[in-house]
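*Asks:* Sequence annotations record features per position, and here Swiss-Prot assigns ATP binding site to 33-40, 639-646 based on sequence analysis. Here Swiss-Prot flags 252-279, 738-764 as zinc finger, drawing on sequence analysis. The domain 'ABC transporter 1' annotation in Swiss-Prot covers 309-587 and rests on sequence analysis. What Swiss-Prot lists as domain 'ABC transporter 2' is 607-935.
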Amino acid sequence: MGLDNIVVKGARSHNLKNIDVTIPRDKLVVLTGLSGSGKSSLAFDTIYAEGQRRYVESLSAYARQFLGQMDKPDVDSIEGLSPAISIDQKTTSRNPRSTVGTVTEIFDYLRLLYARIGKPVCPKHGIEISSQTVQQMVDRILSYEERTKLQILAPLVSGRKGTHVKVLEDIKKQGFVRVRIDGEMREVAEEIELDKNKKHTIEVVIDRIVVKEGIETRLADSLETALQLADGRVVVDIIGKEELLFSQHHACPQCGFSIPELEPRMFSFNSPFGACPTCDGLGVKLEVDLELVIPDRSRTLSENAIAPWEPISSQYYPQMLEAVCNHYGIDMDTPVEQLPDHQLEKILYGSGHEKIFFRYENDLGQVRENEILFEGVIPNVKRRYHETSSDYIRDQLEAYMAQKACPTCKGHRLKKEALAVLIGGKHLGEVTKLSIKEAKTFFESLELSKKDFSIARLILKEINDRLGFLMNVGLDYLTLSRSAGTLSGGEAQRIRLATQIGSSLMGVLYILDEPSIGLHQRDNDRLISTLAHMRDLGNTLIVVEHDEDTMLAADYIIDIGPGAGVHGGQVTAAGSPEEIMNDAKSLTGQYLSGKKFIPIPSERRQPNGRSFTVKGASENNLKQVNVEFPLGVFIAVTGVSGSGKSTLINEIVHKALAQKLHRAKDKPGKHKEIVGIEHVDKVIDIDQSPIGRTPRSNPATYTGVFDDIRDVFAMTNEAKVRGYKKGRFSFNVKGGRCEACRGDGIIKIEMHFLPDVYVPCEVCHGKRYNRETLDITYKGKTIADVLDMTVEEALEFFTNIPRIKRKIQTLVDVGLGYIKLGQPATTLSGGEAQRVKLASQLHKRATGKTLYILDEPTTGLHVDDIDRLLKVLQRIVDNGDTVLVIEHNLDVIKTVDHIIDLGPEGGDKGGTIVAQGTPEEVVEVEGSYTGKYLRPILERDRKRMDSRIREHELQRS
């Protein structure tokens with residue numbers, strides 16, 4: 001039994017209720033259940049942690065200190081465990097040197113390919129650079145037919161200015177008769193005078209030969225003479241036909257551009273042998289950006305239009321600016337956009353050699369007067385950035401700088417010698433700029449000589465296989481040069497999935513966390529067949545997933561529940577998809593079988609007449625699109641992966657509105673303008689990033705309800721008698737907190753060779769507060785007891801205090817009744833963090849002018865959670881505000897009022913508007929993939945709703 005199954009006994013990690021689970025081996029197993037029900041606790045914190053721990057335990061103590069040690073999970077036993085590999089969404093590298101090519105190891109094979117069969121070509125003259133022996137040169141010349149006339153020349157001067165008198169004298173002394181100067185034959189005996197200001201080419205005629213039998217020796221002697229004379233170069237003029245250039249060195253015979261011996265490290269931008277010397281292999285340089293220096297050109301100089309010189313701490317730069325304006329007669333009360341170019345030029349780039357009178361008065365009234373050379377705002381920011389040793393100042397100045405493509409390597413990251421090596425007419429930089437689909441076509445259609453093919457056969461197989469795996473997981477639109485840090489969680493996970501398939505391991509336990517995130521329904525089938533392929537290799541796959549198609553394709557489903565948090569942690573159902581559907585206890589089964597479903601709204605909202613329009617959006621792959629966003633409705637932006645959704649919403653709409661409305665520093669993506677901004681007064685991005693980076697942040701502090709709770713404790717009679725104010729009940733400041741653990745409740749003990757151990761503070765026993773503070777009670781509970789309550793318990797406890805009840809009620813509304821008020825932010829999942837943020841917005845008053853942006857809010861959510869989330873989002877829209885989601889989930893798309901569908905494909909073939917309108921209008925559009933997959937869902941759910949209505953009518957009658 002142990003061999004066919006993984007048997008978990010007594011799992012108690014987090015909220016798991018001492019459960020026993022049997023997971024079949026070598027099968028595709030889906031773990032599902034509500035958000036917070038304990039799926040990740042079972043998959044990652046129990047099974048993966050134990051599999052990884054057992055493997056690491058087998059290594060030496062020395063090796064263990066370099067590996068992330070896993071805590072021993074709280075479980076009685078796990079049998080039948082294999083080495084475990086976790087593919088989650090958190091581990092994308094933020095390193096700018098990490099690209100799709102390096103992460104998938106395709107780049108390593110490309111380097112090897114270029115080093116072995118690449119053809120060096122002079123970038124200036126387009127001549128192939130190769131070193132040849134005299135024997136090879138003779139054979140090449142003798143390949144011409146008999147009686148071909150030719151002359152052998154030694155190129156002494158190639159395109160250099162001067163009279164070259166000495167060169168000509170040397171030729172005469174050595175007894176040569178003819179010379180070719182600038183393409184014209186001359187006798188050496190002539191008086192030759194050259195114009196010293198023009199470039200000249202001088203070639204000595206060594207020999208004139210007619211191709212015939214027995215000429216080899218003479219030909220070889222003449223070639224050797226020419227090579228000796230011209231430093232290893234020779235020109236063979238086939239009279240009336242062509243000229244051949246030969247070189248004994250790895251160098252261009254015309255300009256001498258040379259390339260060292262080709263080796264893989266020469267093509268690595270992470271090695272000093274291959275990296276571009278200007279940008280050190282990053283492909284970009286940080287340059288001062290004029291748009292960030294003057295973010296709002298409608299402001300005047302006296303209104304601090306020049307952002308880096310705002311008078312925050314010192315008046316030095318504002319006074320200098322005033323001196324420059326006085327000197328050049330520049331009006332400081334004219335908006336910057338109306339200033340003449342020559343005046344703005346002086347402010348931005350300096351006075352050159354012209355001196356300016358500068359009088360500076362500091363805060364103490366001391367005056368300094370001087371004649372100065374004014375360097376200009378942009379050179380000033382650049383100089384201070386490079387000269388400062390303060391990280392704080394460097395971070396401040398970086399806000400006015402932007403990444404620009406490196407001028408030397410044009411963003412290709414490699415030095416010019418590496419970029420001079422071509423295969424199929426493309427250098428390595430150009431190949432990595434191709435999308436994965438284009439790269440696959442390029443390598444499959446590559447025409448190679450027999451010799452090159454035999455060398456490259458295995459390398460090309462590896463490259464093509466890996467490109468194929470990436471296409472199978474729906475990533476054909478990515479380029480190999482795409483920085484890993486810019487990938488979404490789902491993309492990064494699918495890349496690692498493709499890399500794992502490339503390794504072709506068997507007998508491994510893979511644990512995946514929602515691989516379908518960010519994937520359009522169209523590409524889902526390819527992902528599922530990839531997972532099935534990994535299973536068929538002989539691996540066990542445990543997939544934490546909510547996607548209906550993946551669940552139906554699984555061999556075995558384990559439904560964790562029945563609720564979330566304290567109400568979860570049990571196995572409610574386990575079996576094949578059919579068995580789950582027929583199990584009345586399984587919430588997932590009810591949704592899979594259609595007994596439960598998310599209803600379609602009976603009617604779509606009409607826009608309120610107001611809208612804003614983005615014009616000429618052209619960032620990344622957007623094709624100069626104009627998009628109108630109606631306000632007062634629920635909008636979904638849809639489209640296949642890589643079609644430009646995130647670019648349009650996150651890079652342009654969010655950043656441009658935040659810059660205009662909240663004076664944010666982030667520079668928006670390329671677009672002409674946004675019309676109608678006056679209809680929006682706030683833009684709020686509710687993403688899945690943590691609500692805090694430390695355990696001190698928790699739902700109570702984030703939603704602001706903790707302030708009100710502390711007020712309640714400060715108002716108790718005992719607190720008043722003791723003179724305790726609200727601050728006494730904060731665990732972040734001295735006074736009321738336990739000083740032994742500084743209000744953390746736990747103490748970290750560092751262990752070498754073992755993971756760090758966290759133990760409860762022995763002074764306060766994890767309560768965070770000192771004894772005096774805990775003497776104060778409200779309705780019999782201390783402040784520590786309140787933090788330990790679940791949201792549901794707190795709602796009941798504070799039911800008589802409206803302002804607290806209102807804030808806690810919003811947490812219940814978004815489905816977070818099970819989390820504790822004081823639960824550390826670091827332990828919340830992405831979906832939970834996002835819902836805490838939503839809750840904190842819900843209790844604020846609606847203005848009717850707020851735009852909420854959510855990027856894939858359904859990540860990590862079960863269908864039942866999505867139902868609850870949609871009710872909250874619809875409530876926000878009912879209040880008059882606008883909700884804009886980027887989404888692939890058809891359950892969400894079917895309930896919105898307005899769809900903007902981008903596409904038609906991903907990458908270069910995307911970036912246009914395919915369809916827009918209500919879901920009913922979009923399904924009628926021929927080229928819309930979203931419409932194609934949405935149509936059957938709308939039809940299915942309409943039928944379900946009709947039958948539901950009929951059932952109700954029958955029950956009534």
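Even glycines carry a Cβ here, placed using N, Cα and C.
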*Asks:* Find the average pLDDT over the domain 'ABC transporter 1' (309-587) in the predicted model and report it.
*Replies:* 93
*Asks:* Who are the long-range neighbours of the zinc finger (252-279) in its own chain, taking Cβ under 8 Å and residues 6 or more past its ends?
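*Replies:* For the zinc finger (252-279), the nonlocal Cβ contacts are 97, 102, 108, 110-112, 114-116, 118, 120, 122-125, 127, 129, 155, 158-159, 233-235, 245-246, 285, 406-409, 412-415, 417-418, 420-421, 428.
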*Asks:* Identify, among the binding-site residues K39, K645, the residue whose Cβ has the fewest other Cβ atoms within 10 Å in this structure.
*Replies:* K645
*Asks:* For K39 (ATP binding site), what is the secondary structure by DSSP, using just helix, strand and coil?
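*Replies:* Helix, per DSSP.
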*Asks:* Name the secondary structure element type, per DSSP in three states, that contains G639 (ATP binding site).
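*Replies:* Its secondary structure by DSSP: coil.
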*Asks:* With helix taken as DSSP H, G or I, strand as E or B and everything else coil, how many residues of the zinc finger (252-279) land in each class?
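*Replies:* For that range the per-state counts are 4 helix, 2 strand, 22 coil.
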*Asks:* Non-local Cβ contacts of G639 (ATP binding site) (under 8 Å, 6 or more apart, same chain)?
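*Replies:* Spatial neighbours, sequence-distant, of G639 (ATP binding site): H520, K645, D901, L902, G903, G910, V914, Y929, T930.
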*Asks:* May I ask which residues of the same chain, at least 6 positions away in sequence, place their Cβ under 8 angstroms from the Cβ of S35 (ATP binding site)?
*Replies:* A564, G815, S829, G831, E832, G860, L861, H862, D865
*Asks:* Among the binding-site residues listed here (S37, S641, S643), identify the one with the smallest other-Cβ count within 10 Å.
*Replies:* S641
*Asks:* For the zinc finger (738-764), what does DSSP give as the number of helix, strand and coil residues?
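*Replies:* Split into helix, strand and coil, the zinc finger (738-764) gives 0 helix, 8 strand, 19 coil.
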*Asks:* Given a separation of at least six residues and a C-beta threshold under 8 Å, show me what packs close to G33 (ATP binding site) in the same chain.
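*Replies:* Residues satisfying the criterion: K39, D559, I560, G561, G568, T572, L587, T588, H862.
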